[in-house]
Structures are given as structure tokens and as C-alpha cells.
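As C-alpha cells, the structure follows; a few thoughts come after it.
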């Protein structure tokens with residue numbers, strides 16, 4: 001185990017303190033863990049196939065979210081860099097290379113079948129996260145750090161993006177129910193502070209300063225709990241997250257690799273939470289939503305809101 005930990009954290013081979021039999025056994029154990037983890041990760045990457053068959057068949061993304069796949073592509077790119085940077089991590093790079101290819105295919109399908117109004121916003125999000133952020137993170141760590149410090153920094157960035165990936169399917173739990181718009185330009189005179197009560201669904205009260213010109217979008221949120229529907233939180237994706245997080249958490253405990261353990265431990269907990277929700281609400285009939293809301297792809301709008309100019 002000491003040798004395994006050394007290989008995982010430093011990529012060093014201290015053969016002088018091990019017999020040939022010990023070295024062979026530990027290498028075999030290490031490779032078995034890695035191959036098993038890669039098989040499970042491959043299944044996790046392929047788990048959305050049923051969802052995308054539905055999208056292609058219906059020629060619509062309906063209310064499915066592209067966020068998990070955009071985040072997963074970013075995470076895979078960063079882990080590829082980690083696998084290249086850290087010695088003896090070839091299998092980490094290869095499985096994430098496979099993952100990156102699958103996510104690119106999924107995102108392309110989204111871009112083909114998503115509504116025209118949302119296509120540009122989805123493409124912008126891909127550009128910001130999968131191209132912009134990934135390139136910035138790789139460039140920054142490559143030029144600013146060296147050796148073990150670079151490995152730790154890259155691993156930390158991968159951990160943060162990994163936690164985002166594990167949480168991203170929960171985006172299905174947050175859906176917009178309504179979009180209420182206060183008129184684009186309202187000139188407020190007189191009182192030092194004015195309270196605007198807009199026609200409401202829960203009588204929200206907003207305070208607006210004097211002489212403010214504003215445009216306001218009020219977005220109503222609806223969750224799996226309130227809709228009692230898990231229609232757009234795919235079971236296989238949640239189950240794959242649980243299985244993948246559980247295996248790599250166990251692996252991290254045995255190998256004492258905290259960089260692998262942190263995101264996957266959180267992923268295990270999030271996977272459990274998602275399956276609990278699925279178990280509670282999977283028997284409920286999904287509420288009928290207006291087809292135009294589904295076609296508009298409102299699930300992504302909160303991430304890239306429209307920028308209304310101030311008159």
C-alpha cells in the first residue's frame with residue numbers, strides 16, 4: 001500500500017524496498033482497480049444513450065438540460081490534462097478521452113435539436129466552459145507551476161469541476177414555471193424609495209430606488225419535489241453517478257488519494273440523494289406543461305440571461 005500511495009501521489013518507483021513478487025502483486029492490484037474504474041466510468045459516460053435516443057426520435061430536446069454534458073466535457077478535458085501531467089496516470093487520460101468524445105457527441109445532438117432561440121446560448125456556454133475555462137486553467141497551471149505543485153493544483157481544479165459534474169443533473173430539479181416581465185423602462189420620480197408590487201403569484205414585493213430605469217425578469221422555479229415528476233432527471237444517469245462515485249471513493253480510501261476521494265465522495269452523496277428523490281416520485285404522473293415552454297428550452301436560460309439594455 002505504501003508503494004501504491006507513492007505511485008499515485010508522486011509517480012515514483014521505489015523498487016529497492018520491494019521484492020519482485022511484491023512489486024508484481026501491487027502493480028496487478030493497482031491495474032485491476034484502474035481497469036475496473038474505467039469500465040464503470042465508461043458505463044457512466046454511456047448511460048444517457050436512452051435520453052439521446054428519445055431526443056433524436058422526437059427531434060426535440062424537450063425539457064432535458066444540456067448542463068450535465070457541458071460540465072462533464074469540461075471535467076473530462078481537465079482530467080485528461082491531469083493524466084498527462086501526472087506520471088503513471090495513462091489510464092486516467094484515456095478514460096477521460098473516451099468521455100470527452102461521448103460528451104461532444106451528446107452536445108452536438110443538443111445543438112441540432114434544441115430550439116433556435118436557445119442554440120446560441122447553449123453554444124456560448126460550451127465556449128465559455130469547455131473552451132475558455134478549460135484552456136485558461138491548462139495554460140495557467142502549465143506556465144505558473146511545475147512538478148508536484150502543478151499536479152496538486154491541477155488535481156484541485158479537477159476536484160472542483162468534478163463536484164460540478166456530480167451536481168449538474170440536479171439542474172433538472174430546478175425548472176422555470178413562468179416568466180413574468182416588468183415593463184422594460186419605468187421612470188420612478190418622487191419618493192426616496194418606492195415599493196413596487198407586481199402582479200403575483202406569491203405577492204413578492206420589490207423595492208426600487210428613486211429615479212431608476214429598469215428591466216426586470218421574474219423567473220418562477222419549479223422543482224422535482226413540487227412537480228412530483230422525475231421525467232427529466234434520467235434514472236440511468238443518476239444511478240451511474242452513484243456507482244461511479246461509490247467505486248472511486250472506495251478506490252481513494254484504499255489508495256489514500258485525497259484528490260480522487262473528495263469529488264467522488266461528494267458525488268456518492270449526491271447520487272444517493274438523486275436516487276432517493278427518484279424512488280419517492282417515480283410513480284407520479286408528470287404534470288402536463290405547455291409545449292411551447294418545452295420547445296423554448298427554458299432550462300438553460302438562468303445560466304445565460306438575456307442582457308437587456310438600460311434605456
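Placement of Cβ uses the backbone N, Cα and C atoms for every residue, glycine included.
Caution: TrEMBL annotation is automatic and unverified by curators.
The feature transmembrane segment is assigned by TrEMBL to 30-46 (among others).
Marked as transmembrane segment by TrEMBL: 67-84 (among others).
The annotation transmembrane segment is assigned in TrEMBL to 90-114 (among others). If you look at the transmembrane segment (90-114), the same-chain residues 6 or more away from its ends with a CB under 8 A from one of its CBs are 31, 34-35, 37-38, 41-42, 45-46, 48, 52, 55-56, 59-61, 66, 69-70, 72-73, 75-77, 79-80, 82-84, 122-123, 126, 297.
Look at TrEMBL and you will find 123-145 (among others) tagged as transmembrane segment.
According to TrEMBL, the feature transmembrane segment maps to 151-174 (among others).
The transmembrane segment feature in TrEMBL is assigned to 232-254 (among others).
Residues or ranges marked as transmembrane segment in TrEMBL: 260-281 (among others).
Within the chain, the transmembrane segment (123-145) has long-range Cβ neighbours (under 8 A, six or more residues past its boundaries) at 66-67, 70-71, 73-74, 77-78, 81, 85, 107, 111, 153-154, 157, 300, 303-304. Listed by sequence, the residues of this chain that lie at least six past the ends of the transmembrane segment (67-84) yet keep a Cβ under 8 A from its Cβ atoms are 45, 48, 90-94, 96-97, 99-100, 103-104, 106-107, 110, 122, 125-126, 129-130, 133-134, 137-138, 141, 151, 154-155, 157-158, 161-162, 164-165, 168-169, 171, 237, 299-300, 303.
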